[in-house]
Number of protein chains: 2
Amino acid sequence: MEDKVQIQDAIKVQGEVVRKLKSEKASKEQIDEEVAKLLELKARLGGDDGKHQFVLKTAKGTRDYNPKQMAIREKVFNTIISCFKRHGAETIDTPVFELKETLTGKYGEDSKLIYDLKDQGGELLSLRYDLTVPFARYLAMNKITNIKRYHIAKVYRRDNPAMTRGRYREFYQCDFDIAGQYDAMIPDAECLKIVYEILHELDLGDFRIKVNDRRILDGMFAVCGVPDDKFRTICSTVDKLDKMSWEDVKKEMVNEKGLSEQAADQIGEYVSMQGGMDLAEHLLQDQKMSQSKQACAGLSDIKLLFSYLQLFQVTDKVVFDLSLARGLDYYTGVIYEAVLTQAGVASVTTEAQNGAPGSTEESVSVGSVAGGGRYDGLVGMFDPKGRKVPCVGVSIGIERIFSIMEQKAEVSAEKVRTTEVQVMVASAQKNLLEERLKLTAELWNAGIKAEVMYKKNPKLLSQLQHCEESGIPLVAILGEQELKDGVVKLRVVATREEADISRADLIDEIRRRTSDP
Amino acid sequence: MEDKVQIQDAIKVQGEVVRKLKSEKASKEQIDEEVAKLLELKARLGGDDGKHQFVLKTAKGTRDYNPKQMAIREKVFNTIISCFKRHGAETIDTPVFELKETLTGKYGEDSKLIYDLKDQGGELLSLRYDLTVPFARYLAMNKITNIKRYHIAKVYRRDNPAMTRGRYREFYQCDFDIAGQYDAMIPDAECLKIVYEILHELDLGDFRIKVNDRRILDGMFAVCGVPDDKFRTICSTVDKLDKMSWEDVKKEMVNEKGLSEQAADQIGEYVSMQGGMDLAEHLLQDQKMSQSKQACAGLSDIKLLFSYLQLFQVTDKVVFDLSLARGLDYYTGVIYEAVLTQAGVASVTTEAQNGAPGSTEESVSVGSVAGGGRYDGLVGMFDPKGRKVPCVGVSIGIERIFSIMEQKAEVSAEKVRTTEVQVMVASAQKNLLEERLKLTAELWNAGIKAEVMYKKNPKLLSQLQHCEESGIPLVAILGEQELKDGVVKLRVVATREEADISRADLIDEIRRRTSDP
């Protein structure tokens, strides 16, 4: 038994912590976490009867999926997996944790967000941070030089969660990657085609896919006079252009990172440029840019990429955007990011409530839903002899898509079914449990999705109600008379129509009435 | 830079550890782990060039799944999920880690096998040990009193791995549970029906489902004179009867656990009993057993259970077996376990090699592949007011099934396809990359699963070879002449037959030829 006085003291201290956070207007997550600690302490105090009180919650930044959410998730996954399979991808799986050293040195500053496992003897382990590093480890370990694979799994980041906007500590990634030595830009173009297909099919509203190249960024920094050792840090400042104004970005470059005003202004000119193949053409002629061999290599590849994207008929959504600068260290060539350009959820809600589609709300980016690029050096980091396997891939950020779909489903009139049950076996009379079970087993054995109430004598009304609530389209009703006649009364829940069907025809009749179009 | 001399010393010590383990004939896993540490040290020493050498492996007791293994896994999952859906189950998902205290006090001695996360500030977390406790937490947290759900996900146990026999530290569980206050034994019977259907459909050879009841075990112990405080420990000894002879079990009871010889002998009589409804009937008349109210309640329920199993037509595989005693603390009523009764893999191999199906090898149990039971108290442990939600469920142990299926696939002549590609877009001539890409995009847009080589001018032979290796049934061949004629040469890989198909008909023709029967 713990010391009561000690706990009471702890409760006082913790209460102060909560009050202070509230007065400071701390984030909801932070306050919730401290309140949870307080409740736990109070529960322990109340636990005199020997019964331990649990804090009933999931870990910070994580969530359960209820059946409705799972139904939506399954739909989204099916769309994505179909696309990956259509493009001929195999799939692999890797463990949720890796040796800690496998992840070391791959994520730069973000390494602090890695979850480590407790040292309980044996190896030091960490939860995977993405699927790309385990993929590279897998290729090197199995000496695979050629593969097109997808991998859908959860990854873990001790980030500051913002769950309402779809940012979690445990979240799914859907990765598609092509590894192998191939002719330039062909696999890269296929990755963009895949992003296009998936966002189009998920029907989330309009979108843009921004494209750039690590070599163009580096070349641009060089010709603008950025010192070599500042490329990465200036790059990460440029990366903020989607959230900050150019003025603020420039201030950070000059005041915080010590770049000359002149260099910053030159960068500013370039990063405001957007276009297509013509812009790449134009920059290849640019007096300054053309001085960098790296930049020219990148620009030529962008031109080639756009020529393939034209064949794939996806250039209407793809923009060559010099401000795109993805953070991760391991990219070596083309990079891309897809953003939804509609207010998304908000506008969906408004439309549904006002019945005014095509509202004039300003188009606002709801953030990145997919991203990727070429990383030709990562596998070599794992190979004892440093043998390289060129790779390019894309990762679909599924949580934000789930958020949008869930909110869409909420405002939609259509009910989300969480089971696929075709028929409920019911009866209006008593003492027919055995007959109901027998018929249900017959249906199961024929592959029909069927349910029966786990009661000896359920009321017909409650059986019918269950059908309406869970969207079961048919009821097979048994009664003394039906049993005598060798028939079943088949009722359509929606229309309340009933018809006697002979037992011999029942299975075919159910199949016929519930077959997908 | 680390101190070289220090590392060299550490290498010497570690070398000794490995030698000692080998001389002691320690387990392969143990030796491998220590060898890995040794290699890591050596790699660090060799790392003078500033290049860190990685130990290329997955964490102990875990595995990657390659595309072939994934194809098998997908097949097994599809069978299991179809069955769960046929029985009207919804699905949920929970995070891979829970608050540590959520898992505390649920697993008895096995708690030492729980993986904890490192304390990096914030909450104390552990990886889930099974799906049942998170399910109970989910029900209590959301105040759900009625649900039929399945959950397929990985769980984590710091157990001694025996990977060749399908025992891992990260492994899948496929759980189906029915929560709610219903009439006795109806949901319990459905769980057994589900096990029957799944094992039957997976076609793993003959199997048995053993059934018993926690109340019968407790009643039996009581009437045999086992002191109340020894029920659990004697129960766990009985649980070893599938691996140890009765003589050894008795020895453990008497010598280690201090049970009287007389009590042990009486238990021995009971636990040798196997049967069906008749045995339950017989034991209800048993002079001793009938003295225990608990036992009688359990026996009556076993009788009722068998009457439902008869309606479900599954009694041919179900045995009422008084020696079945599952370990977990939380069971309160009926318990069951399914075992494959054929040598499984071994006999499969033999059959395939000798061409002698139905070999006369003795039937050997390859261990449990499914298990479960009724746990009416677990949800109440999470509810602040202790409100109970009766539950019964079953968990399919999928890893052992994967092992068997994988080895079956290896000895089988049939090739496992890892993609579903229907057609490869190829050309025999040079400079047709653009035309190939255009046609491929047309096929993708029509929903056809298509591949194209990422080379400007691939050889026809290598394109055809790729089809044969990965089982792609069709090749769409483009050439100057075909382009001029507005046709595509469609080649059947297996027969080498070729036919010119007009571009307008191509998609329908591919669909027709690759439609699943």
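Positions of Cβ are set from backbone N, Cα and C atoms, glycine also.
Nobody curates TrEMBL annotations by hand; they come from automatic prediction.
A helical conformation is recorded for A:THR132 (L-histidine binding site) in the three-state DSSP classification. Among the features that TrEMBL reports, L-histidine binding site is placed at A:ASP130, A:LEU131, A:THR132, A:ARG157, A:GLN173, A:ASP177, A:ARG326, A:TYR330, A:TYR331.
If you look up TrEMBL, you'll see A:3-59 marked as domain 'WHEP-TRS'.
Here the domain 'Aminoacyl-transfer RNA synthetases class-II family profile' (A:32-426) has a mean pLDDT of 89 out of 100. What TrEMBL records for A:32-426 is domain 'Aminoacyl-transfer RNA synthetases class-II family profile'.
Secondary structure at A:GLN173 (L-histidine binding site), taken from DSSP and collapsed to helix, strand or coil, is strand. When secondary structure is read from DSSP and collapsed to three states, A:ARG326 (L-histidine binding site) falls in the coil class. Long-range Cβ proximity for A:TYR331 (L-histidine binding site), meaning a same-chain Cβ under 8 A and a gap of 6 or more residues, is found for A:ARG214, A:GLY373, A:ARG374, A:TYR375.
Secondary structure at A:TYR331 (L-histidine binding site), taken from DSSP and collapsed to helix, strand or coil, is coil. The Cβ of A:ASP130 (L-histidine binding site) lies under 8 Å from the Cβ of A:VAL155, A:GLN173, A:SER395, each on the same chain and at least six residues away in sequence. Cβ-based neighbour count (10 Å, all protein chains) for A:ARG326 (L-histidine binding site) stands at 21.
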